[in-house]
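Enquirer: Structure below; questions to follow.
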Amino acid sequence: MSRLSLLGLTAAVVLLSSFCQDRIHVDAAAACKGCAPPCVCPGTKGERGNPGFGGEPGHPGAPGQDGPEGAPGAPGMFGAEGDFGDMGSKGARGDRGLPGSPGHPGLQGLDGLPGLKGEEGIPGCNGTDGFPGMPGLAGPPGQSGQNGNPGRPGLSGPPGEGGVNSQGRKGVKGESGRSGVPGLPGNSGYPGLKGAKGDPGPYGLPGFPGVSGLKGRMGVRTSGVKGEKGLPGPPGPPGQPGSYPWASKPIEMEVLQGPVGPAGVKGEKGRDGPVGPPGMLGLDGPPGYPGLKGQKGDLGDAGQRGKRGKDGVPGNYGEKGSQGEQGLGGTPGYPGTKGGAGEPGYPGRPGFEGDCGPEGPLGEGTGEAGPHGAQGFDGVQGGKGLPGHDGLPGPVGPRGPVGAPGAPGQPGIDGMPGYTEKGDRGEDGYPGFAGEPGLPGEPGDCGYPGEDGLPGYDIQGPPGLDGQSGRDGFPGIPGDIGDPGYSGEKGFPGTGVNKVGPPGMTGLPGEPGMPGRIGVDGYPGPPGNNGERGEDCGYCPDGVPGNAGDPGFPGMNGYPGPPGPNGDHGDCGMPGAPGKPGSAGSDGLSGSPGLPGIPGYPGMKGEAGEIVGPMENPAGIPGLKGDHGLPGLPGRPGSDGLPGYPGGPGQNGFPGLQGEPGLAGIDGKRGRQGSLGIPGLQGPPGDSFPGQPGTPGYKGERGADGLPGLPGAQGPRGIPAPLRIVNQVAGQPGVDGMPGLPGDRGADGLPGLPGPVGPDGYPGTPGERGMDGLPGFPGLHGEPGMRGQQGEVGFNGIDGDCGEPGLDGYPGAPGAPGAPGETGFGFPGQVGYPGPNGDAGAAGLPGPDGYPGRDGLPGTPGYPGEAGMNGQDGAPGQPGSRGESGLVGIDGKKGRDGTPGTRGQDGGPGYSGEAGAPGQNGMDGYPGAPGDQGYPGSPGQDGYPGPSGIPGEDGLVGFPGLRGEHGDNGLPGLEGECGEEGSRGLDGVPGYPGEHGTDGLPGLPGADGQPGFVGEAGEPGTPGYRGQPGEPGNLAYPGQPGDVGYPGPDGPPGLPGQDGLPGLNGERGDNGDSYPGNPGLSGQPGDAGYDGLDGVPGPPGYPGITGMPGLKGESGLPGLPGRQGNDGIPGQPGLEGECGEDGFPGSPGQPGYPGQQGREGEKGYPGIPGENGLPGLRGQDGQPGLKGENGLDGQPGYPGSAGQLGTPGDVGYPGAPGENGDNGNQGRDGQPGLRGESGQPGQPGLPGRDGQPGPVGPPGDDGYPGAPGQDIYGPPGQAGQDGYPGLDGLPGAPGLNGEPGSPGQYGMPGLPGGPGESGLPGYPGERGLPGLDGKRGHDGLPGAPGVPGVEGVPGLEGDCGEDGYPGAPGAPGSNGYPGERGLPGVPGQQGRSGDNGYPGAPGQPGIKGPRGDDGFPGRDGLDGLPGRPGREGLPGPMAMAVRNPPGQPGENGYPGEKGYPGLPGDNGLSGPPGKAGYPGAPGTDGYPGPPGLSGMPGHGGDQGFQGAAGRTGNPGLPGTPGYPGSPGGWAPSRGFTFAKHSQTTAVPQCPPGASQLWEGYSLLYVQGNGRASGQDLGQPGSCLSKFNTMPFMFCNMNSVCHVSSRNDYSFWLSTDEPMTPMMNPVTGTAIRPYISRCAVCEVPTQIIAVHSQDTSVPQCPQGWSGMWTGYSFVMHTAAGAEGTGQSLQSPGSCLEEFRAVPFIECHGRGTCNYYATNHGFWLSIVDQDKQFRKPMSQTLKAGGLKDRVSRCQVCLKNR
């Protein structure tokens, strides 16, 4: 060991000497000037010594502070696939969510188009003035208003009388008076007579925005700002299956179409595997079977015009053609000459209803009560009503059972065992405020189960005798108007009479219109006359200074000032608030068991106990407080205590050896901002080099859509398109247009979600140098850095103290040998103060090196020397070891936003943090702005109660006292302990009800009692006043963010912040380790509390004996309605009813009065918690209450917002004939017909009788085109004589509309048939151009009430009230029922016009008004279908035919717009002949002229458009009967497909004669994104060949599709399989028994469903045969009140089996179940004699449901 030490010492000497050799003299002198002689050690460098042995390890250091949270580790490897977990138990019902935040106000709608000018209305008659309204109640004195505008000067009044103290003289003209308070709104006047016809007004301003349109398509899903917590929804469907170990979030799969694999055996649904790699392209398959014959192709393009064919034999006269379509409108003709006076016109249409006249006189008379209306549908749930006034206290209920023992308190600190003498009883202190609730105590030992109680007796008395009949009540108020009934069947057309009826009664006043736009300010009125002279004023002293004004609104924030100079270093601040508790340390070592306690003294003998048992003794007087007992005997040794707290940090150990440089650590999270450090010295300005610009980051995710911009102005009307209509086939979508001009900048949108974190950009330009921060903790020693550049020689620093010799350094490079110096010696003297700088002496000769002297004592540091000259560059040294970390700089200014980074991976769920320490109470806030004038306040609270007197002895039960006045509120009593159950006292006589007392002070929170019995319903409380609506706040736009200022000093503690929005639910953390604690020692019983205040009076006595009923008096005259009486005496309690169903949770009740202090009971053992009882039976319905008297008339309400569009009204009477419509467009060219063979001209036969119309023949196939004819120009032939017109054939019956069939195969060309008889009218032509917009129709009925509006913007904050006593924490109440409507409040002063609020809830639908006048005729609608042929007309007159040469058809001009008709002008002078005008409109047919000469045939013109139908020709001679045609065969079957559903798990069989196409599962409808899309159960689309709970996916605009990752639904026809016993959802293969099977069948003819609306199966129509019978299924709804329906003509509306809900609901997570929101709708039976009567409501129970369901049959048309 000594050798080793010597070796180490030698190495140290060698190293030290070598170290000293490398130092230059100048450095040595500079480093330790004044410490010791310079170290001069000549000699050669020794060899490197062996490394020394490591020293002993130092003491372990104190535990450091908690380090910053480490960065998340790299994601681990995927774990092995876990097994399916067991199905979890049903979760507890979630808490009621917070109400959602109000949505953003919608944008203002576009202005409507200006309406057309209305026709002049009939002038109304003047109405009579209404009666003056009743004088209103006197309002409270209002606040002084602002000075009004100067009024008009009044007329000069007579001179006033002289004042008291003056002879009086004319005063100066007084200032204008202030504007008076606006009067109350008067009652609406009666409607006035219609005024005279007014001049046509100018075009009106654009109308108000129209009614909101239907909901548009769903917009892009953007993440909006998180709303407030919503109300709890209905119980949700079961949760999703557990996540796999590696599934940190749902994987959004992009759907790629993979190759179809071979069909395997259908197994259970597997788990979703990861997407596999794309497969290889498969080989070409074998050629398929030849496909079915394709559908008939579209018509080809028209071929070239063929040559003219030979003239055929004249055919038979055709049938009279139908009227052709109207031609295009001609160009306007020249104005005609003024016509003569016309004949009197028909009576004009009634004009629009005139404005309402003034109110007529009140009519008298009492109508009889109308019939009771049908029960209306449930209204939309209203918003939460204002809280009503507290009701009168109900009768005291029976005493509840003893409550459960309260939670044990927190154990106190163990005190030293003391011994005190009992002192005198102190005076009662004031009751203290309620303290903060203590932390929950440790659980006590389990008690023993108590003994069973005595069984109770259920006694039910006999029912009472029937009372005598009451007097007849007053006639009831007419009931509400019932909902509009269903539309009846269309009645028979009435017979109109061409008369104008007498004018109708003046209609009721209409609903107030929408508020008009704010008008333009009017011109100032003329100055008024001088006012009357004011009275002289006597001695007018100065006014008393007014009260201090309300504090003003806080001003706007000023602009940030320039940064101020650096402040001085502040004083040390007050110690900060205690920090949040640190994270839990690791478990400490188990503490040693405690020492046994000191043995207690034996206790005194207790007093005799109370007799326990069913004795009827009254409770005794409580005894005096006993003395403290002596300490008890020592208890048993306690069990091991809880683990001790971790020990404090130990003292710092000695520093250990420097370790190896560690690996580079993971970047820690950004630390908290450090406090401001001491400002450092001003550093030199750093160099700045501009960095290279960074590469642009990745594009962030799409932000939230901004609010839509304001609508742009309406563009000018476009040029009308040319009216050349080629085949009306929709063209291909056009090319996208050029981007529009940029709109104005919209308001800032809501902030988008943060984009993914982008990659690090290139370094930016260095910012300005920040201030130095506080010194940071020393960092770890880093690895040696790269060799730095050679720095300039700095100034000499202040001489420091000589340090201890450092560790041995590495040997340096050998320095240049110095000149030998003189040998010096001497004893080191004490260090003197440094002297002044002497003059520079001449340089001495260098002396030889001296021996090294011993180190001198460290001297005191000298003053800093002056700056020396720059030395020469030294030789580069070895790279030094890495220095310690520098001080942390002060945070620089906020840098510019970096490019958004890519989104990081979701972190794992964090550990649950411990509850934080409760925050300190915030300071009182500044007083808010003064509120508006409120309604008169309710009476203030009474003062504090006086001290309670000494309780007197119980007196005898007195007679009922007179009605007491308001009692004072008592102070809250201390919480007494539970006393024993007292005996039931005698019932007192019920007292008169007292007036409504004011609310008492809140009491201390009582212990939770056992739930009491359901008390009888109390009488309704008086309705509360309605609060004034607050003014909405202005919508402010966010300002630009200011520059980050310097950090300011810590401000005073801020006001307590409002509760933040609830955070998102965190993911469930892992189960923590739990160690059961050992039970603590039993504490000593506490002292008895102070006596409580007097309790409330005892329960009411038994009800008195009912008196004998009086004789029935005669009915008196009905009196005037009295004012609302006081609340009556509570009635006698009825017989105890059976338990009712659970009601909704009531609102939290007022705290009860404190009870009398009971005697201290013995501490019982805690009982075992009982099991949940069974729900009670439903109680009997109570008797309906008496109808209340009518309330006072309320003030007129604010105009309601426009309701939604109502349902379409009843079919109106047929309108007057409309004006002739514009001419329609020309029809398209027809296809050329087949060429017939030449027939022989027949002899004219006798006219035959009209034959019956024959059956419609099948359409012939297209023939081949004929050979082109040659053009032959022959001489014109002689004009033949005109033949007689033929008779018209009878019209054929209209054919039924057939369903479109599949295209048939091409047939062979048929034989040319003989001329067939007239066919039925053809199919309607293609749809024409859309007609002009019709005129505005009548307003529809008011719509159903809309969805409740969003909550309004909160009003301004009122003045702060005085601090109240701390209330007891109430239980969270559920939403109460809306209170009854309160009495009308006193009319308030007219407030300022508020900003437009959010749209309120739609009002109730108004009473249906009388039928309005006929509106203007609408614009021409679309051309209707051709009507049935009219009756045969008489043969027309014989016309002379004239053949004019056909002219060239002109091009169609653009139809001009219809101008207003001008007034006829006077005849002007004849002008010179003008140019040839445009061809005029065709005039009326002139008399036939003489036959002209036959002209040369003209060239064949192009085929013209189809001309208008010609006039009816003369009847021709009857032709010869043609040969009978051969009977046609059956047309080929087009095939009709339908689906048939079995409603079982068996695949249904197609009916006889039908062939099955495929089989599958019965899909009813799907619901995605909250919208339902249904299937017709009679169509093949409702039979999917494969089943899945989520058979569809949704795709977005980013070409990404998602499968089973949303809350969507699918609904399937179900079987009769019942629900599971636990009613939990089914999953996997357990779903199969619930899903109905189906088959798709094909039949050759049409198939329909007929419904009887009766319990009997209907018969198929003649020519149809039945296929199956069933029940008429109409509609279905489910989640979100969404659903679809069945067409009643479809076979899907006739289900073979009836079930109330014939379908099951399935979700995307693979579960199916029946839910309470699923409803089925079935046609009900309608009796023949009750078709137009009010339907009787009826509720059917199970077993009799089919008695009211309509039956149906599916029928097939016979061939």
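Here the Cβ of each residue, glycine as well, is placed from N, Cα and C on the backbone.
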Enquirer: For CYS1660, what is the disulfide-bonded cysteine listed in Swiss-Prot, choosing from CYS1583, CYS1752, CYS1755?
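Expert: According to Swiss-Prot, the disulfide partner of CYS1660 among CYS1583, CYS1752, CYS1755 is CYS1755.
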Enquirer: Check for me: which candidate out of CYS1638, CYS1641, CYS1694 does Swiss-Prot give as the disulfide partner of CYS1752?
Expert: CYS1694
Enquirer: Round to the nearest Å and give the CA-to-CA distance linking CYS1755 (disulfide bond) with CYS1638 (disulfide bond).
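Expert: CYS1638 (disulfide bond) has its Cα 19 Å from the Cα of CYS1755 (disulfide bond).
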Enquirer: If you count, for each of the disulfide-bonded residues CYS1595, CYS1641, CYS1712, the other Cβ atoms lying within 10 Å of its Cβ, which residue has the minimum?
Expert: CYS1595
Enquirer: Can you figure out which of CYS1583, CYS1638, CYS1660, CYS1706, CYS1752 (the disulfide-bonded residues) comes closest in space to CYS1550 (disulfide bond), comparing Cα atoms?
Expert: CYS1638
Enquirer: Using a Cβ cut-off under 8 Å and a sequence separation of 6 or more, which residues in the same chain sit near CYS1694 (disulfide bond)?
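Expert: Spatial neighbours, sequence-distant, of CYS1694 (disulfide bond): ALA1649, HIS1651, TRP1668, THR1669, GLY1670, TYR1671, SER1672, PHE1673, CYS1752, GLN1753, VAL1754.
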Enquirer: Between CYS1706 (disulfide bond) and CYS1638 (disulfide bond), how far is it from one CA atom to the other, in Å?
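Expert: For CYS1706 (disulfide bond) versus CYS1638 (disulfide bond), the Cα atoms are 18 Å apart.
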Enquirer: Here's one to test understanding: among the disulfide-bonded residues CYS1583, CYS1601, CYS1660, whose C-alpha is closest in space to the C-alpha of CYS1641 (disulfide bond)?
Expert: CYS1583
Enquirer: Give the mean pLDDT for the region 'Triple-helical region' (195-1530) on the 0 to 100 scale.
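Expert: In the predicted model, the region 'Triple-helical region' (195-1530) has a mean pLDDT of 56.
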Enquirer: Under 8 Å Cβ-Cβ from CYS1660 (disulfide bond), six or more apart in the same chain: what's there?
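Expert: Counting only residues 6 or more apart in sequence, the Cβ neighbours of CYS1660 (disulfide bond) under 8 Å are VAL1650, GLY1666, GLN1753, CYS1755.
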Enquirer: Relative to the Cα of CYS1583 (disulfide bond), which of the disulfide-bonded residues CYS1595, CYS1601, CYS1712 has the closest Cα?
Expert: CYS1712
Enquirer: Expressed to the nearest Å, what is the distance separating CYS1712 (disulfide bond) and CYS1595 (disulfide bond) at their Cα atoms?
Expert: 24
Enquirer: Please report how many Å separate the Cα atom of CYS1595 (disulfide bond) from that of CYS1638 (disulfide bond), as a whole number.
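Expert: That separation, Cα to Cα, works out to 29 Å.
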Enquirer: With helix taken as DSSP H, G or I, strand as E or B and everything else coil, how many residues of the compositional bias 'Low complexity' (104-116) land in each class?
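Expert: Here the numbers are 0 helix, 0 strand, 13 coil.
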Enquirer: Let me check the 10 A CB neighbour count of CYS1550 (disulfide bond). How many other CB atoms are there?
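Expert: Taking all protein chains shown, CYS1550 (disulfide bond) has 18 Cβ neighbours within 10 Å.
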Enquirer: I'd like the number of other C-beta atoms within 10 A of the C-beta of CYS1706 (disulfide bond), please.
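Expert: Its Cβ has 28 other Cβ atoms within 10 Å.
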